[in-house]
């Protein structure tokens, strides 16, 4: 059995990791597409749906699918949601972040165990400790650990390392159970992230280097080795075929801004840039001084000329990589030739059943085929699996033999380090297919395993080379400590950056200003810091003027500030940059409707409703926007009195809506359209459907109550719906308004006045209609003083509105304040000269005044 526990990777390591990542654990940073708007993380979604959708919740067969097939990562999100009581929101964020940190600790422990497996006995403390600490504290891992989406990378790394450990056990024992476990863990690694499938190629290399002392011909003749390599190769092909079949066999499409080099017409520019990117990624591992949440767009300029100095960096990087690999491969081959010259045949101790081939202390049982290195066991005898004791017989002095074995193992460690850096990075290198990013720090999580192993091994080699020179050893140890402290400090700082969206985007301005300013504008806009948000949007457009999302978001901000003409301009530019940006069409139509351009608004809405969503990365939002366009198109038709047109559009929307579109508002509007047409029988089922989908939908309560109130036999039932709405939303002004109007229609004036006064009080800015209706209810209830106050409020809200002036005049008329009433009547007639009611009231008032004057004259006479 594999026990993943090492010195330095116990509870103390976990505690230190929690301290380092404490800021990230407290963060409320969520990926809305992966968590908040992904139905697959909800408990009620069938588990089989996880196998049919990508990481972002899009069906794999959809042309706009991202192609990232990671069902186990999504399943882990679902586990977090269950632990949070089914809540998916910022209040459940800590559980997600803590789970990521625990996964990072587990990956560190498994990696440390793997390093211990590769290193000689005398280095089994120092090399794993240095490599493990470097892996645990490296700042480039912050994105994977602190970011929710990085769950896939961290989880895949854990399965990746466990798969290597099980394969080591299989190589040592040749037990097919370990080979089966290796297959399962490798499959889990791929189902956590695509990068995990490369573990089988790493295992194949490990199979070869683990038996490198036997020579290539001997290895290929060994049935066990040949069978293992064949199984790994076939398994890799089958798993990749399964992956391609599940994703429909199509490659995802990415925007040009995601990976500009992939859309470049020049072959040399693509080649130079793609050759440079692996060297740049290695530089991030070597010196992570500059990190960013996003490296897309122009964060790394394209290399378009052969004299670009970055080509020198690429040349040096590949030369060093090839030279190091070649050097250690050559040494292994030389070691094999030297070993076969020195082979000696010895007998088993206490038995003559079979022979043992031995070079110094490297022993192979010729009976069962199992190889052993005695120096790794720190003994001269070992029990073979075929129950026979092997005794090492050296033909050379012990120190020379051990030195050869150590040098061979050094080559094995270096080669495995290079393999673990290179092979897992291949899917992200644009070598197999173009990817949707320029550089992604979280993609380096698995390749950094090889880097940390190489650094740890190199440190220990330097310590050994210094021998008894303790001063140099002390200096080297202090240097290592300072490096680890510096890396840990940088990781803490990066966690503080990841603690909030605002700090994260501000930290990325130096690397990718266009993307950082655009996202920062969104955050500041949500916080209500509109001036600074607008400045960020405009700065983003200065760096990259064709960003449709930024134009759209700036339009939203301008619309909220009532700068409608500017908002319309931004929406139009966003549509020019991205013609199929449905939400820009939708908001443009809404603004056109507000400025009175109804015909143009309806044209835009109809065009948006017919937009094609093929190939879009976020089809969910696109389809939802299309249905919302139909909703508003029907609403405008209803406002124009075209009720049959409204019904047709609403029915079209109900038929085309996707399953995730909440239809309660649509059904309510459809019922209201039928109700206005007088088709109450058709209207009622839609109201009930709306309420069945969402029982707390307030508009449906009010419109259904209004429908029932028209039937005298159902007045009591109607009032019950108003009462329910009031219980659900006691501080909703619209509920009090509709309930008050219902009571007014029932001539319950005092109760109506109470509800309508409450509606006025709940409104931030009193609505004119609410004030007038409240005044009318108070007048009918006999509370003339309160009615006067509300009429005066109505006049202050709309001084040019003749009706409120005339109503106050009528109130004065009723209460005998004729002089004031006459002044108000005259004022109302100036505003509305053709108002017959006011003219009649003024005539009556003057007649009344004439009668009163005549009576006074007669009384004086």
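Cβ atoms are placed via backbone N, Cα and C, with glycine included.
TrEMBL labels come from automatic prediction, so no person has curated them.
Taken from TrEMBL, the feature transmembrane segment covers 229-247 (among others).
Among the features that TrEMBL reports, domain 'DUF1736' is placed at 249-322.
The transmembrane segment annotation in TrEMBL covers 267-287 (among others).
Within the chain carrying the transmembrane segment (412-437), a Cβ under 8 angstroms from the stretch's Cβ atoms is held by residues 66, 118-119, 160, 194-195, 198-199, 201-202, 205-206, 209-210, 212, 251-252, 254-255, 258-259, 261-262, 274, 277-278, 281-282, 295-296, 321, 324-325, 328-329, 332, 443-444, 446-451, 453-454, 457, all 6 or more beyond its ends. Here TrEMBL flags 412-437 (among others) as transmembrane segment.
If you look up TrEMBL, you'll see 443-462 (among others) marked as transmembrane segment.
Residues or ranges marked as transmembrane segment by TrEMBL: 474-493 (among others). When Cβ-Cβ distances below 8 Å are used as the criterion, the transmembrane segment (474-493) is approached by residues 20-21, 23, 130, 133-134, 137-139, 141-142, 288-289, 459, 462-463, 466 of the same chain, each at least six residues removed from its ends.
What TrEMBL records for 514-547 (among others) is repeat 'TPR'. Helix, strand and coil residue tallies for the repeat 'TPR' (514-547), in that order: 27 helix, 0 strand, 7 coil [DSSP].
Sequence-remote contacts of a segment are chain residues at least 6 beyond its ends whose Cβ falls under 8 Å from one of its Cβ atoms, and for the repeat 'TPR' (548-581) they are 518, 521-522, 525, 530, 533-534, 537-538, 540-541, 587-588, 590-592, 594-595, 611-613, 616, 622. The repeat 'TPR' annotation in TrEMBL covers 548-581 (among others).
According to TrEMBL, the feature repeat 'TPR' maps to 627-660 (among others). For the repeat 'TPR' (627-660), same-chain residues at least 6 beyond its ends with a Cβ under 8 Å from one of its own Cβ atoms are 39, 582, 585-586, 589-590, 593, 598, 601-602, 605-606, 608-609, 620, 666-667, 669-670, 672-674, 676-677.
Marked as repeat 'TPR' by TrEMBL: 664-697 (among others). Taking DSSP states H, G and I as helix and E and B as strand, the repeat 'TPR' (664-697) has 27 helix, 0 strand, 7 coil.
Residues annotated as repeat 'TPR' in TrEMBL: 802-835 (among others). Remote same-chain residues near the repeat 'TPR' (802-835) are listed as 768, 772, 775-776, 779, 784, 787-788, 791-792, 794-795, 841-842, 844-846, 848-849, 852 (criterion: CB distance under 8 Å, separation of at least six residues from the stretch ends).
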Within-chain partners of the repeat 'TPR' (514-547) [C-beta distance under 8 Å, separation at least 6 from its ends]: 257, 292-294, 296-298, 501-502, 505-508, 553-554, 556-558, 560-561, 577
Tally of residues which DSSP labels helix, strand or coil - the repeat 'TPR' (802-835): 27 helix, 0 strand, 7 coil
